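What follows is a structure written as structure tokens; I'll ask about it next.
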């Protein structure tokens, strides 16, 4: 708490009292990033705490260093698919929307890419299909939301139902086994001792980070989510940008579909169940503001890792899934409470600061 | 402004064109050419006359939950295919939708069509008990498929799989294998199906109780969701929790595809695995004998075919030919059989 106030204190002091009215409301960049760094440090602390709990409860497993290494890899693999989905979700949420259809898109892209007709085109055909289907469905969401003026919640909820329905229709409600050795090999291949899935997650996360923090697209996303009207007046094509955000989420779902198909060596209409909730929850505890305009890729990835570590922790201790779900729910609530608390302290600080600067 | 607009609309047109093109290309990719898995039916044996000979016309109304995985899909396919083998059966199927409430709504439209008999796989036996009572009171016999009604007046006949027996069969096989290998206190893992379903609890109960009788216990149990990806996920964590394992029981062969994938990805092979349900894929894997999957205990969707045959007999007021009684029995519980490499060839045509 003191840390964040400390960085907050410094930030508005530097630009001086003059830009306090336009800049003070949106908070300067230095303060913003400083706050998110603190928040991410807290998340890293939570991760460390979870690992310590694991080490205390299962000392004989944690005593074996090769086991610890494979366990870290297994957590990362567990996080990989949801992680990729969460990167796309983070963009959508920062842009002021929500995408409830991600799990359904993953299932549809997975099923579509594993039909026998698609499989006959080989691995490249399957990957192409999954990604095109993902992007196309995402863009349909985007068009409905930005040009059809549907509320994101409704549009993507409709897509959730429809995409799973289409997936079930295509698969004939059967599990489609992937017989493509390249696709199946993605999940079992390791390069330099690290599974390929983890590299994919890393690549998507880095690409997402660059896109959000180092490109105009990223800046526009924050602007659109923070205040769409101001963004429009500033010359941003808000509608088209919003559409692209859903397309981006769809792209991530397409990549995730290939990864999940590879992990399960098959696809079915019921796969990716409730991924939308996992992704939203991870983004939220990673500090993404549900109303848009704020969020970090690093925070979201840490959120995913925390959930994966909890799953792993409960598994190695042989505890039930019910208890695990309750703990997950508790963590989401706790994360939001902590964020509100921080937020209040920050706004209080600004209120105080304005009083002192006016006198 | 207008210039920008026209520029945009052209681009939009291009985009649209590209999307339609990609769509056309992709729709070609939705076909699943392979022959659908052959349904498990018993062709009417008309040579000897008796029950198989065409009799009074029977209209069978059928309802099962919307299939989201292989087993339920096989149930519906089997029922349809079995009904088609009888010349005197008219088959009316209603999709039951996603939950018990939707199924109740679908069933009320079915009652209005006045079928002779209703064959029903309820979402949940307890929740649809009242429907059974209502239909029976309206004079339509109800054949309950697999998910028991608590009220005996709610059904004419009940045919179901043996969930407890499945656990027992899986445990018996594991116990025999462990004794043969001379493992005194084996480490046994379990990957269950959806934990909120009563049938999952019953299966686990049969498994743990049988193991306990032999002095064994389950070291770790994870619950998946009958889907392949959840099976893979839970298995990967179970393998992590048990660095060494002797035996593993997975409740459902459909999710077993994912379990086997996880085992393969972790390159583990020091244990034996037993499946559940008896899918074609699993039986073929057992036959090939190149994975840890050594056996599966059946919970066969062929019961849907049998339910249709029973419903026809009930509609025609006939009994089972091999039994003395003149009417179809009130309750039939299928035995859970163990499929191993030795007998796989005779079960392969029953795989779904």
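A Cβ is built for glycine as well, from the same backbone N, Cα and C atoms used for every other residue.
A TrEMBL annotation is a machine prediction, not a hand-curated record.
So TrEMBL has the following annotated:
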type	residues	note
REGION	A:1-32	region 'Disordered'
TRANSMEM	A:37-56	transmembrane segment
TRANSMEM	A:68-94	transmembrane segment
TRANSMEM	A:100-117	transmembrane segment
TRANSMEM	A:124-144	transmembrane segment
TRANSMEM	A:150-170	transmembrane segment
TRANSMEM	A:191-212	transmembrane segment
TRANSMEM	A:243-262	transmembrane segment
TRANSMEM	A:297-316	transmembrane segment
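If you look at the structure here, what lies around each of the features I listed?
Residues 81, 85, 88-89, 126-127, 129-131, 133-134, 137-138, 141, 153, 156-157, 159-164, 166-167, 170-171, 176-178, 249-250, 252-254, 256-258, 260-261, 266-276, 279 of the same chain lie 6+ residues outside the transmembrane segment (A:100-117) yet bring a C-beta within less than 8 angstroms of a C-beta in it.
Listed by sequence, the residues of this chain that lie at least six past the ends of the transmembrane segment (A:124-144) yet keep a Cβ under 8 A from its Cβ atoms are 88, 99, 101, 105-106, 108-110, 112-114, 118, 150, 155-156, 158-159, 163, 178, 180, 183, 242-255, 257-258, 261.
Within the same chain, residues 92, 97-101, 103-105, 107-108, 110-112, 115, 137, 140-141, 144, 269-270, 276 sit at least 6 positions outside the transmembrane segment (A:150-170) and bring their C-beta atoms closer than 8 Å to a C-beta of that stretch.
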Can you tell me which parts of the same chain pack against the transmembrane segment (A:191-212), counting only residues 6+ beyond its ends and a CB-CB cutoff under 8 A?
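Sequence-distant neighbours of the transmembrane segment (A:191-212): 73, 76-77, 79-81, 83-84, 87-88, 90-91, 94, 218, 221-222, 252, 255, 259, 262-263, 296-298, 301.
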Taking residues 6+ outside the transmembrane segment (A:243-262), which of them lie with a CB under 8 Å of any CB in it?
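Sequence-distant neighbours of the transmembrane segment (A:243-262): 80-82, 84-85, 87-89, 91-92, 95, 97, 99, 102, 105-110, 113-114, 126-127, 130-139, 141-143, 145-147, 178, 183-187, 197, 200, 204, 217, 221, 224, 271-272, 275.
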